[in-house]
């Protein structure tokens with residue numbers, strides 16, 4: 001019989017490196033699953049009865065953007081639940097929920113059903129921000145930049161590989177089976193998270209939860225955190241503004257070429273490849289010199305790369321500049337996330353990261369709209385000048401926010 005005075009056995013410490021590895025695979029699978037269906041999304045919309053060029057463009061834009069819109073709405077709710085119930089259960093909820101929705105998408109019979117399911121996908125999403133929150137609350141603070149930079153490469157890798165694999169699968173098996181394959185990938189993500197990610201979390205009752213006002217009052221620097229949310233949104237606006245016109249711009253540069261799709265795909269992919277290489281290294285550098293310096297410096301360098309993109313004469317020149325731009329962009333969101341974790345406690349990390357995700361989703365919606373509007377009125381090249389101005393504003397805005405409190409005060 002155990003003596004009453006015998007000390008309790010402490011639980012095994014969390015192996016944060018293993019959790020980081022498994023979360024990376026989860027983000028990779030999630031990124032791949034989302035991008036698997038992107039190459040043929042307009043084609044699938046067409047099979048659901050949408051005809052006519054204008055109608056097809058409108059519905060394709062709607063089914064693409066509605067996911068981000070509903071994700072922005074739902075993220076704060078899921079973030080609050082993560083702070084109450086734990087981050088692992090939110091990862092499981094997201095992976096399983098998205099898997100079920102993907103199956104239903106494969107059975108959609110009309111465009112309205114598909115649109116509703118795309119909205120539901122946004123409502124049930126949130127794997128990546130919850131993975132960020134989980135890892136951010138477990139890693140040593142002096143390794144935050146490296147760990148979050150490494151984690152970000154998971155989603156980027158999946159997003160790079162997904163369109164290629166999705167296109168091959170669609171050509172081989174048809175459009176609907178790809179949704180079922182995507183659902184299987186997400187279910188695999190659910191199984192891996194269930195068995196291999198560990199979290200020691202004490203659930204918090206609803207009455208003991210901090211409300212939104214108390215969450216911001218608990219932050220070390222609430223104004224800076226709000227500035228970082230806006231910074232995240234503008235980063236996504238700048239990234240997304242180029243997406244609608246990239247293929248058309250490449251066609252303008254390449255002239256009559258037989259392999260336009262291949263060249264455009266390469267130029268679209270090279271920033272992600274560069275981000276894979278740069279994010280962990282710049283994150284590690286940020287741990288040494290401060291993530292705020294990395295953030296502002298990389299945005300300033302991005303401006304210098306965007307301007308000549310408007311002046312290039314060949315696809316090769318554009319590809320080289322986009323590779324360098326990707327190396328800069330790979331450091332931006334991990335630097336923001338590192339600064340967020342410096343300024344919040346583990347108690348509210350789920351909500352802070354979910355608010356940041358909401359701002360990111362707003363940027364994902366508005367960026368392509370900005371690029372399309374500018375190109376329609378002023379031409380493709382003007383988009384790069386406008387995007388450079390947006391990034392320049394973001395660099396100045398971020399620098400101003402960060403100067404209001406020194407780095408050491410943020411991490412103490």
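Backbone N, Cα and C atoms are what each Cβ position is placed from, and that goes for glycine too.
What Swiss-Prot annotates here:
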- 20-40: transmembrane segment (TRANSMEM)
- 62-82: transmembrane segment (TRANSMEM)
- 96-116: transmembrane segment (TRANSMEM)
- 119-139: transmembrane segment (TRANSMEM)
- 150-170: transmembrane segment (TRANSMEM)
- 177-197: transmembrane segment (TRANSMEM)
- 225-245: transmembrane segment (TRANSMEM)
- 260-280: transmembrane segment (TRANSMEM)
- 294-314: transmembrane segment (TRANSMEM)
- 382-402: transmembrane segment (TRANSMEM)
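Among 20-40, 62-82, 96-116, 119-139, 294-314, 20-40 has the largest number of CB pairs under 8 A with the transmembrane segment (150-170). Counting same-chain residues at least six beyond the ends of the transmembrane segment (294-314), those with a Cβ under 8 angstroms from any Cβ of the stretch are 145, 231, 238, 253-254, 282-283, 285-286, 321-322, 324-325, 328-329, 331-332, 335-336, 339, 381-385, 387-388, 391-392, 394-395, 398-399, 402. Within the chain carrying the transmembrane segment (20-40), a Cβ under 8 angstroms from the stretch's Cβ atoms is held by residues 91, 95, 98, 102, 105, 127-128, 131, 134-135, 139, 147, 150-163, 165-167, 169-170, 175, 178-179, 181-182, 185-186, 188-189, 192-193, 196-197, all 6 or more beyond its ends. Tertiary neighbourhood of the transmembrane segment (382-402): same-chain residues 223-224, 227-228, 230-231, 234-235, 237-238, 241-242, 245, 292, 295-296, 299-300, 302-303, 306-307, 309-310, 339, 370-371, 374-375, selected by CB-CB distance under 8 Å and a gap of 6+ residues from either end.
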